[in-house]
Amino acid sequence: MSTLTTALDNNSQKLEPPRWQTKAWLEPRFVVITLAALLLGLFVEGTALPEWVAGALGLVAYLAGGFYGAQSAIESLREGEIDIDLLMVLAAVGAAVIGQWHEGALLLFLFSLSNVLQDYAINRSRSAIKSLFKLYPTEAKVRREDTVVTVQLSEISVGDVVLIEPGERIPVDGEVIRGQSALDESPITGESMPVDKGVGDTVFAGTLNKQGILDIRATKAAQETTLARIIKMVEEAQDSKAPTERFLDTFEQRYALFIIVGTLLFIFIPPLLGLAEFQSNFYRAMVLMTVASPCALIISVPAAFISAIAAAARGGVLFKGGAYIESLASLKAIAFDKTGTLTYGQPAVTDIVSCCELCGDDLLAVAAAVESRSEHPLARAIVRYAAEQGIQMPQIEQFEAIPGRGIMAQVEGHKIHLGSLRYLTQQEPIPASLQADYERLEAMGRTVIGVLREDNCAMCSQPCDLQSSNCDWMGLIAMADQLRPEAKQVVADLTAQGVTVAMLTGDNERVAHTIAAELGIQQVHAGLLPDEKVDAVKQLHETYGEVAMVGDGVNDAPALALADIGIAMGAAGTDVALETADVVLMGDRIERISFAIGLARKARRVVWQNIIFAIGVIVVLVISTFLVQLPLPLGVLGHEGSTVIVVLNGLISLLLLPELQRRRQGEQAA
């Protein structure tokens with residue numbers, strides 16, 4: 001059963017062990033017991049009490065301090081592996097064999113304390129998941145016939161109508177069917193400002209209803225919501241391993257075996273050759289095995305990547321694994337699909353050119369009335385724009401769609417033709433003044449439709465000078481897919497980060513180059529089919545190296561899969577795109593790409609800081625063991641201290657400091 005399903009199923013809580021039986025609760029207390037037994041044992045040795053008392057206290061210290069280390073070592077041996085825990089346990093046992101039980105107990109105390117601190121730091125990084133689980137309400141109010149019943153979250157089905165009152169969190173993804181309110185969508189999109197919601201709007205599980213009462217129709221079960229998908233992605237990402245991490249795991253096995261063999265040789269060869277006394281040499285061998293263990297080196301990479309994944313999740317970016325952090329840190333080129341990424345993916349009215357300066361509203365009113373009967377995206381854009389402008393639409397008496405050409409309708413007794421200029425110019429030649437405007441708009445990459453009116457200008461509230469004998473032109477309406485306002489800055493930021501930006505689109509060359517010029521994109525590949533986008537990504541990879549693809553649709557999925565890093569738009573993205581991608585931008589904010597690249601590069605720097613520091617500490621401690629006969633307690637302190645430091649370096653650098661800066665910026669903005 002997945003963590004997500006378990007979290008959503010209240011009954012599963014009965015299967016979980018009591019908290020006092022968990023490692024998270026027991027291990028810190030074992031650490032305290034180890035220290036107490038060690039100190040008492042040292043005290044007893046200086047008294048007249050029997051020796052067995054000190055021995056018993058030493059045994060308690062060993063059992064408490066070495067319990068989880070021995071458990072881990074045994075599990076690894078069963079799987080045919082050797083880990084760091086085995087080295088630490090062997091060193092502690094070795095110290096006891098030569099009568100230095102208190103130093104062995106100190107080793108186990110510091111080792112177990114280090115593990116507790118590591119777990120605490122890493123759990124702070126993993127708290128991103130825990131905080132997401134808290135966004136799910138345990139119950140929901142569902143309308144059943146004429147009553148409202150309270151049900152468990154797992155009992156909600158697609159199609160159920162859920163009642164949401166002010167101050168309550170949305171339990172499932174759905175569509176508003178009654179009411180209006182403002183929702184806090186920051187857990188999903190990262191946006192701090194409330195978003196107004198009304199009938200027909202989509203709402204996400206985990207968002208907070210701030211004001212009104214809403215009825216929503218569930219469109220997904222609880223286990224399939226956007227929030228559930230986020231939780232699953234973060235869980236899988238934190239459990240996956242980057243190439244560097246996998247290499248260090250393999251290295252750990254060979255290195256640990258090398259240390260054990262080397263320690264055995266060091267124990268026996270010098271005494272056999274008469275170069276050292278056995279007991280003192282055995283003690284130095286235990287110190288050597290301890291300080292040479294690569295604990296800090298092995299934990300250095302996952303500590304940084306887990307913190308980076310958590311920090312990215314808080315910033316609205318979901319990495320599906322540490323491997324993609326490594327890839328993004330090395331990014332050389334990025335390809336954007338145009339529609340839905342650089343643009344909103346929805347046409348909007350940009351220009352209205354009427355037959356006279358004063359009758360633009362008449363043109364828009366007639367066009368909106370005619371288009372109100374059509375389901376075409378361009379038609380919806382005109383109707384939406386007219387509504388935004390407060391235009392009253394006249395009544396339509398007849399309506400006839402002419403596929404591929406346009407629409408003919410009867411409006412207040414007048415026959416109206418609306419459609420492409422190729423169709424309209426068959427009815428009436430376009431006047432020279434409108435032709436010039438048409439060419440200008442076409443050159444700007446706009447989609448232009450015209451509006452013709454038969455008979456006379458009686459509909460127009462102002463006199464018109466573009467009449468002909470049979471028809472007259474009312475004007476032109478231009479539309480375009482609107483650029484995201486942040487797109488230009490994103491391109492500039494990526495360029496400043498040394499990343500080459502390209503645009504891949506199925507749109508025509510004219511529109512593509514117009515948008516690219518406005519955004520400052522130098523490389524444009526237009527008129528592409530999905531398989532041709534794949535070829536374009538291959539070409540970018542061959543030219544520059546590591547390449548990312550940003551898209552949101554089914555047609556982007558092949559290119560997303562082929563790219564070194566596939567980046568999908570969260571809320572706007574299709575399920576196929578989201579499943580194929582390696583990185584997901586929640587809230588459709590493409591400026592988070594720059595944030596993600598910066599975070600990935602910082603994570604890479606932290607990884608190398610940790611690796612260099614860990615290796616440096618091992619070298620210094622090993623040399624000290626030979627040159628100055630380093631005592632075991634100091635060796636343990638240096639070994640475990642370096643392990644804690646690399647974990648804290650990842651936590652503080654990648655998670656805590658950025659979070660503190662974000663809060664300060666929020667306070668300053670407020």
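Quick reminder: no glycine exception, Cβ is built from N, Cα and C everywhere.
Marked as transmembrane segment by TrEMBL: 29-46 (among others). Beyond the transmembrane segment (29-46), the same-chain residues lying 6 or more positions past its ends with a Cβ under 8 Å from any Cβ of the stretch are 53-54, 57-58, 60-61, 64-65, 67-68, 101-102, 105-106, 108-109, 112-113, 116.
Taken from TrEMBL, the feature transmembrane segment applies to 52-70 (among others).
Residues or ranges marked as domain 'P-type ATPase A' by TrEMBL: 135-235.
Here TrEMBL flags 255-273 (among others) as transmembrane segment.
Marked as transmembrane segment by TrEMBL: 285-311 (among others).
Among residues of the same chain six or more beyond the transmembrane segment (611-630), those with a C-beta under 8 A of the stretch's C-beta atoms are 284, 287-288, 291-292, 294, 296-297, 300-301, 638-639, 642, 645-646, 649. According to TrEMBL, the transmembrane segment annotation covers 611-630 (among others).
According to TrEMBL, the transmembrane segment annotation covers 636-657 (among others).
Here the listed stretches are 52-70, 255-273, 636-657, and the one with the most C-beta pairs under 8 angstroms to the transmembrane segment (285-311) is 636-657.
Residues 106-107, 110-111, 113-114, 117-118, 121-122, 124-125, 290-291, 293, 295-296, 299-300, 303-308, 310-311, 599, 602-603, 606, 609-610, 613-614, 617-618, 620-621 of the same chain lie 6+ residues outside the transmembrane segment (636-657) yet bring a C-beta within less than 8 angstroms of a C-beta in it. When DSSP labels each residue, the domain 'P-type ATPase A' (135-235) comes out as 20 helix, 38 strand, 43 coil, counted as helix, strand and coil in that order.
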